[in-house]
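Presented below is the structure to which this report refers.
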Amino acid sequence: MKILVLNAGSSSLKFQLFDMEDESVMAKGIVERIGLDKPFLSYSKGTDKIKFDKEEPINHKDALQWVLNTLTSHEYGVITTLQEIGAVGHRVVHGGEEFTGSVLITEEVIEALERNKNLAPLHNPPNLTGIYATKAVLPEVPMVGVFDTAFHATMPERAYLYALPIELYEKYKVRRYGFHGTSHRYVAMEAARRLGKTLSELRIISAHLGNGASVCAIQGGKSIDTSMGFTPLEGLVMGTRSGDLDPAIPIWMMRELGMSFDEVDNLLNKKSGVFGLVRGRSFDMRDIEDWMAAGDEEAKKAMEVYCYRLKKYIGGYAAVMGGVDVLIFTAGVGENSPIVREMVCEGLEFLGIKLDKEKNNSRGDAIISAADSKVVVMSIKTNEELMIARDTYEIVRGLT
């Protein structure tokens, strides 16, 4: 069966087409500048990379049609007809409490997603737009929703409740949800597979470090805690997001600086994190590393704040699990930054975490802990799209 995986953003549509017989990627790419002038499609098939342009603005439905036309085209296609697509898997950021696992998308599911839109106003509306576009263009093809929050549905109350009036949770579902669940689930399963262990016997700490970043405690194969909360703003220091901070600071900014709700929201989500600490020069950790190596004190400070926050979370999660067996670094920074991994692990020998400096200098998939390290430290390339394809395949296969 061939599965098309879609991730719809506000002005983009990412896609991958999988052949589930061997889980190979047949083609992948992204349509960017949806709703704007001069949209373009970046398309990869094997080693071939092609870019297509349009002059006029397009919507998500047009973008999906463009992708499907390319996938079936004589010159660039990898399938002959659209009938070869057995199902479409959608990344949906927020499932709320209603969706604790991946589901077949029905009218009832769409209605529930519409109700939950306000839980993730930046992400869920475009995810829904992608679902509506698929319904219009591929009406006969089953769709599956895979939720970033679902893996964290196993968190106990003590981990997900905020110490706020309980009515806020009961009436409005204000609680910690967590995100990046599909990535944390994938790398945890991959770590267990590579170590020849069952997932249920391992205590795993997974650090997903991209522009957005979160860390997750996994025990008995289940997420028991994670750093992101009601929104993806809580937790670690990120590229442009503040992560944890005193909740009175936004109130102070509005009262003392006269900032509006939108201005505070924009500052915390788009102008903070390492970007804010280096005065808005860059949110790319590669720049921060280069500047730090050149003696830039602000970059050094930003790196220290970034790594210190993650180190605290690792210590905390080791405490709640009574130790740790595997520490995983994943996503852009986690997979490719030896200096971040080194600074985070430095001083954690008391937990049994010891890096091998030479192995740590590798990028991508590797065991990077020393031979005498009690904890296995791994760098694993995440693959959320494959996880979505697998879930979609399992659900749709059960329909026949």
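Glycine is no exception: its Cβ is also placed from the backbone N, Cα and C atoms.
So that you can see what the record holds, here are the features copied from Swiss-Prot:
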{"type": "BINDING", "residues": "N7, E384", "note": "Mg(2+) binding site"}
{"type": "BINDING", "residues": "K14, H208, L209, G210, N211, G212, D284, M285, R286, G332, V333, G334, E335, N336", "note": "ATP binding site"}
{"type": "BINDING", "residues": "R91", "note": "substrate binding site"}
{"type": "ACT_SITE", "residues": "D148", "note": "active site, proton donor/acceptor"}
{"type": "SITE", "residues": "H180", "note": "site 'Transition state stabilizer'"}
{"type": "SITE", "residues": "R241", "note": "site 'Transition state stabilizer'"}
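Proximity of K14 (ATP binding site) to non-local residues of its own chain (separation of 6 or more, Cβ distance below 8 Å) is seen for L6, N7, A8, K28, G29, I30, given in sequence order. Listed in sequence order, R91, V92, V93, H94, G95, F179, H180, G181, T182 are the same-chain residues six or more apart from the residue listed as 'active site, proton donor/acceptor' with CB atoms under 8 A from its CB. In the three-state DSSP scheme, V333 (ATP binding site) falls into the helix class. By the criterion of other Cβ atoms within 10 Å of the residue's own Cβ, the least surrounded of the recorded positions H180, R241, R286 is R286. Between the C-alpha atoms of V333 (ATP binding site) and E384 (Mg(2+) binding site), the distance comes to 16 Å. Sequence-distant contacts of E384 (Mg(2+) binding site), defined as residues of its own chain at least six apart whose C-beta falls under 8 angstroms from its C-beta, comprise R91, T182, S183, Y186. If you count neighbouring Cβ atoms within 10 Å for each of the binding-site residues D284, E335, the highest count belongs to E335.
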